[in-house]
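Now, the feature entries from TrEMBL:
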DOMAIN    69-180  domain '3-dehydroquinate synthase N-terminal'
TRANSMEM  99-120  transmembrane segment
BINDING   G106, V107, V108, G109, D110, T130, T131, K143, K152  NAD(+) binding site
DOMAIN    182-322  domain '3-dehydroquinate synthase C-terminal'
BINDING   E185, H245, H262  Zn(2+) binding site
Amino acid sequence: MPNVHVNLADRSYDILVEDGLLDRAGELIAGLGLKGKAAVITDSNVGALYADRLVDRLSEAGIETSVHTVRAGEASKSMLQTADLCGEMNRADHDRSSFVVALGGGVVGDLAGFVAAIFYRGIPFVQIPTTIVSQVDSSAGGKTGVNASEGKNLIGAFHQPRLVIVDPLTLASLPGREYREGYAEVIKHAAIRDAAMIDDLATLDPADQHPSADLLARNLAIKARVVEEDEQETSGVRALLNFGHTIGHGIEASLPYGEMLHGEAISLGIKAALFLSEKINQFSPAESARILGLLENFQLPLTLPDSIPTEKIMDKLSRDKKFTGGVIKFVLLTGPGAAEVSSKVTLDDIREAVEYLRA
Ligand SMILES: O=C(O)C(=O)C[C@@H](O)[C@H](O)[C@H](O)COP(=O)(O)O
């Protein structure tokens, strides 16, 4: 099976990718040698489909569980929900030997990982991602956290999972819109690190909800190598993974959470970042067109709704973590499959790029 190893000294772990792995989750998790009870955190959609199966597999492997279900959607990625889950876990008699299993997409993974990071000052966790966004991106790398009304992911902790179990078969049950949104992150990886993947993605049928394990693993390997180089985003290398996310997060946070899906906002953010890459780095318009063609093929939005005022987006994105002392670290492309973190992008440039999205 494709196995991506994330090498982070005593925080190293495997990412296993193979059809049918959900049914092997019990033995795989038991193999970690964790002794306590598992708190399975899931959402109302994914839990209804897979929680019983997972609990059965864990129980067959001798692992006792409690299941904690949050409402599906981005609004659950909150401090309130975090506190509720910690209370539920305490009442379910979890102790310091317990661990968390995140069963769901990016919202569940980020939220459950954050709960694991802070419950009793930190317990282990395992990721079982069930969406494209989480299977190629958010389940790996240890960024956990929740949103604030001021912006996306403003509260969180770095907490690496002990294991990531990716079963591509779980993608078949996703609504088409939620399947396709994930490709914004795949296209991001191709744009910043793997130009050859741009050609490969052009051959995919967006209606076929069964991507190859190799494609998922190729994305996870990009993520793993970046995280190994710069685990806590201190040198700037990890910030490259934020390509399309500065303006994307600003747009996402300007609407009630969940109204525009994360990948849809990132699609707009990528388009704006391509505009700025052309303007500031003379990035090739032909290369931009290839990337935009992919976003279009996956039916991702490329036009900003008039209902979102530019100044609201500017306000949200100016509160982004990537601003330090009023200077934004903005990711621009420098060539096919290559990117840099630039300090040359001004707020006026960003405003112009946001306006460009209305065309
Ligand atoms: O893992 C990272 O690092 C990323 O930037 C991946 C992003 O796709 C992801 O959305 C991430 O959560 C955004 O990070 P943030 O630091 O801007 O919250």
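Each Cβ is built from the backbone N, Cα and C atoms, and glycine gets one as well.
Only H245, in sequence order, out of the binding-site residues G106, V108, D110, T131, H245, H262 have a CB under 6 Å from ligand 1. Classification of T131 (NAD(+) binding site) by DSSP places it in coil, neither helical nor stranded.
In the predicted model, the domain '3-dehydroquinate synthase C-terminal' (182-322) shows an average pLDDT of 96. Sequence-distant contacts of the transmembrane segment (99-120) (same chain, at least 6 residues past either end, Cβ-Cβ under 8 Å): 25, 29, 34, 36-43, 46-47, 50-51, 54, 58, 65, 70, 72-74, 76-77, 81-82, 85-86, 89, 126-131, 133-134, 137-139, 142-146, 153, 155-159, 161-162, 178, 262. Taken through DSSP, the domain '3-dehydroquinate synthase N-terminal' (69-180) splits into 50 helix, 31 strand, 31 coil.
Considering only the binding-site residues E185, H245, H262, the residues lying within 10 A of G106 (NAD(+) binding site) on a C-alpha to C-alpha basis are H262. Annotation for E185 (Zn(2+) binding site): spatial neighbours I132, V133, V136, D137, N219, G263, I266, criterion Cβ-Cβ under 8 Å with sequence separation of six or more.
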